[in-house]
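Colleague: Below you will find the structure I want to go over with you.
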Amino acid sequence: MQILKAENISKVYGTKKSAKQYMALKSISFEVKEGEFIGVMGASGSGKTTLLNILGSIDKPTTGRFFMGDTDITTFNKKQLAKHRIDNIGFIFQDYNLLETMTLKENIILPLALSGYKPNAMEEKLMEITKNMGITKVLEKYPYEVSGGEQQRAAACRALITNPKIILADEPTGNLDSKSGKDLLELLSYINGEYKATILMVTHDVFAARYCKKIMFIRDGEIYNELYAGNNKKEFFDAIIDVMSILGGE
Amino acid sequence: MKLTTLALSNIKRNFKKYAMYFFSLSFSVFTAYTFFALMQNKYVLMAFTYDDRYKALLKSFGIIIIVFVMFFLISSNNSFIKARKREISTYALFGMTNGRIGRLIFLETIIVGTIALIIGIGVGIFFSKLMAMILLDISLASFTGKIEFTIAPKAAYITTIIFMSIFCVMGLSGLRVINKFELVDLFKAHKVSEGRSKGSVIVLILSLILIGAGYYLASSSNVRIVVNAAIPVLFLVVTGTYLFFWGGLPKVLNLIKSKKSNYYRGVNLISVSAFYHRVKSIAMVMATIAVLSAVATTAIATGYTLYNNIENNTYEQLGYDMYFYGGQEELLGDVEAAFEAHGNEIIEEFTAQRYTCSPSADVLRIKNSSFNISKDDYFRVYSESIYNKLMSITRCDYKTVSIKSGEAIYVYPFMIDNIADAITGQALTFTDEALKVTATIRAGILSFGAIHTIVINDADFDILLNSGDITDTNEGGAPYDKVTVFKYQQPLSSPELNRELTQILSGNTGSFRTAYTLYDESLQTFGLVCFIGFFMGGVFILMTASLLYFKQIMAAEEERHQYRMLRKIGMDDYMEKRVIAKRLIPVFLIPLLVGIVHSIFAMKSADTLVFSNMIADENSYSTVLLCSAVMYGIYAIVYSIFYFITKGQYSRIVK
């Protein structure tokens with residue numbers, strides 16, 4: 001079943017009349033199916049973060065439409081967009097983006113609190129989501145009191161707690177050492193497998209991309225290529241490296 | 001020099017941020033200049049400085065203002081520098097040394113300071129005539145409003161010197177703040193909490209007990225307790241206030257947090273946790289502001305209440321527009337002629353005999369001290385009809401009485417409940433007769449030289465007069481002077497008439513007093529106190545409020561990334577507005593409320609010490625509170641204006 005469908009999405013920066021117009025996305029179309037774990041790769045400035053921001057409805061496309069299920073998100077007003085973000089999208093950011101003023105627990109339930117859940121229902125959801133993440137013991141601690149991995153897991157819990165239709169991850173391993181990075185990617189794989197969560201991850205890290213089931217390469221605001229993970233991990237990895245070397249990434 | 005160019009462009013670029021800073025600097029300068037200019041103003045000099053008391057009052061007021069302005073400027077400057085941490089760290093990152101950054105900031109301070117100095121003094125000069133007029137108008141009964149516009153170069157000179165030194169101190173203390181910055185903080189993105197505090201129930205309870213004890217002592221109706229406890233009360237309440245903000249407020253927040261059903265609502269979760277996160281770093285500022293607010297509101301409320309009651313108090317003391325003893329035969333004609341010459345009219349005049357009597361009575365025991373109403377003192381005595389006649393001429397609001405035979409009403413200027421209770425029912429024994437005191441009145445406008453006064457039935461009066469118990473002669477047999485009381489038109493706004501009456505009566509009577517003279521004297525003292533109260537209150541309000549503004553703007557800079565994240569999660573604009581409101585309201589509201597509650601109790605003390613003697617009302621405290629409420633209202637309005645300015649700026653920063 002298709003979760004998200006993008007139709008001819010373009011994004012132009014700079015005003016229409018100015019000479020400094022810059023086209024970050026050029027008429028991109030694609031679909032995301034339920035349960036997919038998609039990686040979006042490309043060199044710096046290829047437009048991958050712009051794409052993620054548009055899918056996350058933080059930014060608006062200049063032209064084109066995209067659908068969540070059957071709903072056209074591009075017609076939403078600000079308030080509807082905010083609600084749409086709480087209900088349908090889970091974010092995992094590069095620098096965790098936990099609020100340092102709140103405990104991990106408060107951070108995790110924040111999306112629920114914003115959409116007006118009852119405290120008991122929140123606790124239930126919290127328990128359900130954190131029990132497999134290994135952070136139940138540090139829930140009452142503040143972000144700066146726990147390790148980076150624990151913070152990242154808490155951020156993942158926050159993204160998951162509303163049962164979003166899709167989880168958007170923006171360079172999630174960017175700030176982590178290789179061990180923590182690996183842990184997080186395994187966590188995402190686990191979420192993808194266990195919770196049937198659909199994940200779209202932007203990365204330029206070939207190692208991270210290995211965990212995806214499908215990779216979308218972007219060059220100069222256009223989809224350049226797509227790769228699917230077969231049964232052979234090594235083959236997939238080599239293929240990614242090949243494409244990236246052409247794209248001028250790492 | 002490059003540094004100057006950079007400093008200038010910084011100011012231009014940060015103009016919005018600088019606007020408030022600039023405003024408070026200019027206002028401080030304006031305050032100082034105005035004060036010094038007033039001290040130089042020849043009309044003010046003429047009106048006040050001939051009296052050493054006024055001179056001392058004005059001087060100590062000036063020192064308080066300058067010290068406070070200095071405290072305010074330095075701390076707001078430090079907040080301002082902290083708010084620019086990101087920018088300053090960037091300079092450091094590009095290899096600027098702390099010394100150079102310090103010089104840059106110092107240069108900016110001096111440039112902005114100089115402009116503020118010029119504008120502040122300019123505005124001060126512009127308003128100097130108005131300020132002098134306000135001062136003179138509220139202080140002089142007969143101020144005509146004719147006063148020349150003057151520029152006081154000496155005041156401008158003193159102001160410039162003082163502020164240039166303050167700016168230097170500010171620059172140095174700014175350098176200290178910069179030296180404390182760690183470059184690495186820039187990259188750590190403010191992850192470490194500096195201000196969380198769990199608080200403590202014990203501290204919370206202790207703070208409430210201390211404040212409560214202070215309130216209890218302050219609200220005592222016993223004058224001696226209030227006087228002796230003044231310092232302890234100050235100590236209790238100030239300590240309690242600081243303890244409350246330091247340890248109690250965090251505990252209260254903790255309690256709010258523990259009530260999950262309320263706390264876990266989105267807006268509350270964000271705003272309470274954000275406030276809690278910062279409570280330690282702002283607690284001391286809030287406590288200081290609460291204390292200053294208490295001082296300011298009390299000063300303003302006292303001034304306003306005093307001022308509002310000067311007229312009442314004049315008549316409370318004097319009773320009539322004018323009275324004099326003796327010399328009626330020669331003087332009455334002159335007096336009446338003077339009225340005619342000034343186009344004024346006597347509404348009523350009445351001449352009364354000053355009768356006395358000396359009945360014997362028991363010595364009363366009131367709270368371990370004896371109250372002897374008969375031993376050496378004689379009584380002034382009036383018949384019911386004379387009493388009612390006098391009461392109809394007075395400007396005070398006393399009811400007429402009717403007294404049964406055999407009864408007496410005891411009148412005493414310093415009547416308190418204890419005395420009234422003790423004396424009611426007492427017998428006053430005369431040669432052949434005894435009268436029983438059945439009622440008391442608190443008034444000082446009938447005694448005309450005596451301490452105790454009784455009013456009795458007309459028939460009783462005649463009997464006692466015949467029996468010789470009541471007499472109008474002294475021990476030597478010479479008759480007492482009669483007293484003549486007057487009620488006339490515009491008694492408080494006829495200075496020329498008053499001057500002439502004074503001339504006529506002076507030296508020719510046993511004694512005389514006019515309401516105008518007393519009113520004018522009171523206005524000078526109270527008007528000055530009131531003006532100082534207003535001035536100081538105004539300065540305190542504006543400066544404490546802008547200090548809170550700076551603190552919050554600094555916080556906004558640090559909280560900015562949180563709002564960005566919250567918006568990504570799905571906080572909409574409406575919710576953001578509510579979060580910001582809930583985040584900022586307590587910062588302004590709590591010190592304001594604490595300050596006002598403190599002040600309400602301080603006014604109770606002021607009532608016990610001053611106003612209960614001034615205001616004729618049975619319940620003088622409610623009159624005091626009514627006057628104070630006006631000032632509390634104004635205070636609250638100014639604070640809410642600052643709250644809205646802060647909210648606007650805060651929203652802009654986190655956008």
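Glycine too: its Cβ is placed from the backbone N, Cα and C atoms.
Copying in the features that TrEMBL gives for the protein in this structure:
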- B:60-178: domain 'ABC3 transporter permease C-terminal' (DOMAIN)
- B:18-36: transmembrane segment (TRANSMEM)
- B:56-76: transmembrane segment (TRANSMEM)
- B:104-135: transmembrane segment (TRANSMEM)
- B:155-178: transmembrane segment (TRANSMEM)
- B:199-217: transmembrane segment (TRANSMEM)
- B:229-249: transmembrane segment (TRANSMEM)
- B:282-307: transmembrane segment (TRANSMEM)
- B:526-550: transmembrane segment (TRANSMEM)
- B:584-603: transmembrane segment (TRANSMEM)
- B:623-645: transmembrane segment (TRANSMEM)
Colleague: State the non-local partners of the transmembrane segment (B:623-645) in its own chain: residues 6+ outside its ends, Cβ under 8 Å from one of its Cβ atoms.
Modeller: 20, 293, 296-297, 300-301, 304-305, 308-309, 537, 541-542, 545-546, 548-549, 584-585, 588, 592, 595-596, 599-600, 603, 606-607, 611, 615, 617
Colleague: Which residue counts does DSSP give the domain 'ABC3 transporter permease C-terminal' (B:60-178) for helix, strand and coil?
Modeller: 101 helix, 0 strand, 18 coil
Colleague: Return the average pLDDT for the domain 'ABC3 transporter permease C-terminal' (B:60-178) as a whole number.
Modeller: 81
Colleague: State the residues, same chain only, that lie 6 or more residues beyond the ends of the transmembrane segment (B:18-36) and have a CB under 8 A from a CB inside it; answer 'none' if no residue qualifies.
Modeller: 11, 61-62, 65-66, 69, 72-73, 76-77, 80, 112-113, 115-117, 119-121, 123-125, 127-128, 131, 152, 154-156, 158-159, 162-163, 535, 539, 542-543, 546, 549-550, 553, 645, 649
Colleague: Counting Cβ pairs under 8 Å that are 6 or more apart in sequence, does the total for the transmembrane segment (B:56-76) and the transmembrane segment (B:526-550) reach three or more?
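Modeller: They are in contact.
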Colleague: Cβ under 8 Å, sequence separation of at least 6 from the ends of the transmembrane segment (B:104-135): give me the contacting residues as numbers and ranges.
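Modeller: Residues 3-4, 6-8, 10-11, 18, 21-22, 25-30, 32-34, 37-38, 41, 43-44, 77, 81, 88, 91, 96, 143, 145, 147-152, 155-156, 159-160, 163-164, 167, 170-171, 174-175, 178, 527-528, 531.
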Colleague: Under 8 Å between C-beta atoms and at least six residues away from its ends: which parts of the chain pack against the transmembrane segment (B:282-307)?
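Modeller: Sequence-distant neighbours of the transmembrane segment (B:282-307): 68, 75, 138, 195, 197, 237-238, 241-242, 244-246, 249-250, 526-527, 529-534, 536-537, 540-541, 544, 547-548, 551, 555, 587, 590-592, 594-596, 598-599, 602-603, 606, 610-611, 614, 623-624, 627-628, 630-632, 634-635.
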